[in-house]
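Taking it in order: structure first as structure tokens, then the write-up.
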Amino acid sequence: MKLKFELKKKNGNARRGQLIFERGTVQTPAFMPVGTYGTVKGMTPEEVKETGAQILLGNTFHLWLRPGQEVMKMHGDLHDFMNWQGPILTDSGGFQVFSLGDIRKITEEGVHFRNPVNGDKIFMDAEKSMEIQKDLGSDIVMIFDECTPYPATHDEAKKSMEMSLRWAKRSRDHFDKLENPNNLFGIVQGGVYEDLRDVSVKGLTEIGFDGYAVGGLAVGEPKEDMHRVLEHTCPQLPEDKPRYLMGVGKPEDLVEGVRRGIDMFDCVMPTRNARNGHLFVTGGVIKIRNAAHKTDTTPLDPHCDCYTCKNYSKSYLHHLDRCNEILGARLNTIHNLRYYQRLMESIRKAIDEDRFDQFVAEFYARRNREVPPLQKDKA
């Protein structure tokens, strides 16, 4: 089913809306937990839903390699396979393919690479990505693109962006040929170069997509460059389509993305950091394995309503971490996922109440940090 995006309110550049799918409605701005292999690590779908998650991200590349398209089709699709009945967005596999480094070769046709699981030679292109994502039953399909690395010269970024545009057209054409009833998002590339981002936006909007992602950020560039590119690019994207910042990020990155007009985010950070004992709280981050928490009988965050904070102390979580108990990673993950969803709920409420700037000021004050200036404030 084609999604319906309703933009309900703006507060500065911050946007408050909702994505309406057949499988449910997603309030935006929204954060999507990452379920790379068809699971948010250590969590049941019910537990993920209880944290407030409305939509998940799955990984086309990894699910193609394991368990493969045939197994997926035996179950129906990814929703049935993992028992998550809400909406799912899948990335195209491009980022993972390009992360393989020396074991892959990029051509105009697509990417030849060795399967990192068993060493077999395999090939992925725009058409194959569209076919896999149709079999996954993805509610939002991402085009196959090249994620421009950082650093890249202007010429390198230009060639990469132009090839991504050609692949975007191939993705669109094959998506339509397959008669996929769901939704296809374009991905803006161009590195840190504003003129290349302009060309990418123009080309993608001429092809026409159901939503638009900003890709190729959070790949090592300075935060100032990420903010500058976002602030330049977002106003050029269609007002009536959702905007998705891929692979981002820290809580501060989510706030800065919303300040610049982003509606959707995903990142492995809350789950990966949870397994490493880095826990997000109202004032910043707690490193639970530090000895200072051994005798601390208070919860992680008195403001948090998650299962972990309502039932366990820092001392207990420290103990679990020190003993490498699986329960520790699970309780940490529940907390971090809930923190991210509470952050998004607070952002949505602040936009609804026309006090987003006040929210941003308070968010940074709790971290004893200055609010990063917008480009217009620097002028």
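Using N, Cα and C of the backbone, Cβ positions are placed for all residues, glycine too.
Site annotation for substrate in Swiss-Prot covers D91, S92, G93, G94, F95, D145, G216, and the matching candidate from Q54, Q69, Q189 is Q189. In Swiss-Prot, the annotation region 'RNA binding' applies to 271-275, one of the ranges 46-50, 101-105, 271-275. Feature region 'RNA binding', per Swiss-Prot, maps to range 247-253 of the set 9-15, 247-253, 352-358, 373-379. From the candidate list H278, H293, H319, H335, the residue Swiss-Prot records in the Zn(2+) site shared with C304, C306, C309 is H335.
Put simply, G93 (substrate binding site) is 35 Å from C304 (Zn(2+) binding site) when counted between their Cα atoms. Comparing C-alpha positions, D91 (active site, proton acceptor) sits nearest to D266 among the recorded positions G216, D266, H335. If you take the Cα of Q189 (substrate binding site) and the Cα of C306 (Zn(2+) binding site), they are about 37 angstrom apart, rounded to a whole number. Counted within 10 Å of its Cβ, the other Cβ atoms near G216 (substrate binding site) come to 32, all protein chains included. Between the CA atoms of S92 (substrate binding site) and C306 (Zn(2+) binding site) there is a gap of 32 Å, rounded to the nearest whole number. Listed as Cβ neighbours of the region 'RNA binding' (271-275) (distance under 8 Å, sequence separation of 6 or more from its ends, same chain) are residues 33-34, 40-42, 329, 332-333, 335-337.
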